[in-house]
Structure formats: C-alpha cells, structure tokens
Amino acid sequence: DIKMPYKQLQVRNLKLSNAGIYTCQYGSRKVRTSLHIFKLTISLDGHFLQNEVPELILMQNSSGSLPVLNITLFDSNNNRVTPELQNKGRQKYIVNLKKLEAMDSGTWVCQVHSDSPLITLNIPFAVKVLGFQNPDLERKYATVDSTVILSWHLNSQKIKWKESFTGQVNWKQQEGANTHGLLDFNVTAHGQLHETKKSSSGFLFEIPERKPESTIEVKLSKVHFNHSGQYQCQLEYQGRHAQSKIELVVMKVSANPAGPLSREANMTLTCQVSGPLPPSAYLRWERVNGTKMDIKNSKQQEAKLEVNISAAGLWSCHLIEDSDRKISLHYHVEEAPVWINHVIIGASVGGSLLAFALGCLCIISGIRWHRRRQRAKRMAQARQYLLENKTCQCQQ
C-alpha cells in the first residue's frame, strides 16, 4: 500500500521472504532501504501447563550476510531469564526456557541485539501458564471429628484462559496404594467451572457451593483417622497433565484405662498422627497449668507419643513444626470421686482381709485334717495290736 502524501510504502503481514532491499526512485534519484525481518515463534502457541518447558525459535532474513545475534529474555515481571541455547545458527536460533510456574503468565520480551549492523529490537510475546497457585506439596493438619476443606486454586480466571480443560480430584491412603476418584470437573471456554461428584467412591465428602472463582474444593465434615493421605488435583489439557498434591495428616488421642483417674493410680495417654512427619516436626504432651515435669516431647518425625500420668486435669497434645503449633487436641482426665476412692480403698482392705481370712482358714483346715489323719493312724495301729493279741490267746 502507498500512503499519501509522503509516498510511504506499507507492507503488511510480513514474512521472512519479504526481507531485502526496497528502492524508491523519483526521476534520477534513488533511495534504497534494507528490510531485515525477524520471526519469533513459541511452542504450543504460548499455552502451557505448569512445569512445562517452552521452546522459542527466532529466525532472521536479510538481503546481505546475516549478523550474529545476542538474545536476552525478560519474563512477565521484567526479570532477566538465562536461556539455554540449543541450536545457534546465523538464520535460526532455538532457545529452551526453564520450567514454568503459574506466576510466570504474562507478556515476555525477547531482546535482540547486533553490533554490526547495529540492531536493537524488543519482541514481545504472550505466555499463558495454566496451573495451581498452591505450593508444590501442601501439607494440611486436622484432628479427628473436625471439619477440613481442601482447596486447589487455579489461575484460569486470572490469565483469561480461552481454551477448555478438564480435571479430577483423586485420593489415596499412601504412596503405592489404590487411587480413589472423588470428583471430576471441567471448565468451559467462557471460564465456567462444573464439578461432578463420583458416587462410586464410597467417600463421605461435600462440594461447597460458595467458593472463590476457579477454585476446586473438597469438604470433609467429620474427619476420620483413615481419611488421611494424599489428595491430588489433576488438570488435563490437550493430552497433557499438571497436578497439585495436598497431604492430609490427622491426629487422634486416647487413654488407657479410659475411665476416671483414681488416687495413686496411673494412666497412659497416647497421641498419634496418621502419617510420617517432616524432619522439623514433633509431638508434645503437656498438662494445662502444669509444671515442666508434665511436658514430654517425641523425637523428630515420630508419629506416636505415649505418656504415663498420675495427675488429673486437661492434657493437650500439640503437633509442632518449625516452632509453630500446627494443631492441638485436648483430653480431659477426670479425677475419680471420693466415694470411688473409698470403695477402692475398702475393696483393697477388704480383699486383703479376705485373703488373710482365707489363708487362716486354710491353715486351720490343714491342721485339723492332719490331726484327723494322725488319729486315724493311731486307731488303725491299736486295732492291729488288739487283733494280734487275740490271735495269740486262741493259740494258747
């Protein structure tokens, strides 16, 4: 297109083949302009899942010899990114970037520089990373019979993802165990989220109705000890997958014996968590308003702690990680009433007296039995003696 009145030539939808020397001739005057064209393409059309590695291809074309280019990349936060050059040629440059995270979404800049000829060009390109705003491996703690909500926050609304994708939430007790599907979800091209609960899972949970946009949630209204394990939310887009895990650790406490604590008796309190703890975590038993003698810590990463107590009151088990109390569970040890103590003392004394009386009775019975045996023995000897004497008198 010729733009008037300055006789400007406008070339639209440039291609690499449009590179070359353009000449403007007016009468005997000629003015030449060299057009150098760059083409930047990004793999997967700029739509990525987190932890995927983009590939950039920069191509150039010119009428003369192609210059050696220096390439500098800046991410969406204007931070310089050091790429790995896979293939460096005069015409084609292939650049691999780092693994992407959800926060990397935005407009990146490829800065091209050459000293001869002097070229400085900034080429912007869009990067959209669909993923989770959760940490890589999130750990959540809960106590038995409490309510817990597991949430996965997607960034689909933030980046205005136009393409639809699907996903699911799975649960398994531990690594290597069978996987149980909890729910399926899909997001339309308009960004609407639809969830479908799997009825065959046999798992008691709810899907909260009110929640932030682009959030997947599973609500356990009454946590059981065996609800612990790994909950994984998985995305699928064009045959590719991305996932985020939440490790649910459940705590429970128990007592043996479970009844009231009588005077001068002992009780064993047990605090247990459902899975292995991180290296910096441990369990602690302590009595509320007690002394330092009433505190006992487990070794690091121990999942079970027992303490023998002789004092009634409110005992608390804490899970401590990096000097921070993550969860606490209380157990109230009741003191046995006075009449129970008297009954126990009376029963003990009565039992002792009964045992003493039984012992005495056994001794007396033994003595009497021994005497009867001796008397029977003497009578038998006397009868034998008399029988022998009568025999002798008859012979005379």
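Using N, Cα and C of the backbone, Cβ positions are placed for all residues, glycine too.
It should be emphasised that the depicted structure is a prediction, and the values quoted were computed from it without experimental measurement.
So that you can see what the record holds, here are the features copied from TrEMBL:
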- 267-328: domain 'Ig-like' (DOMAIN)
- 343-369: transmembrane segment (TRANSMEM)
Statement: DSSP assigns the residues of the domain 'Ig-like' (267-328) as 3 helix, 37 strand, 22 coil
Task: Give me the mean pLDDT over the domain 'Ig-like' (267-328), rounded to a whole number.
output: 90
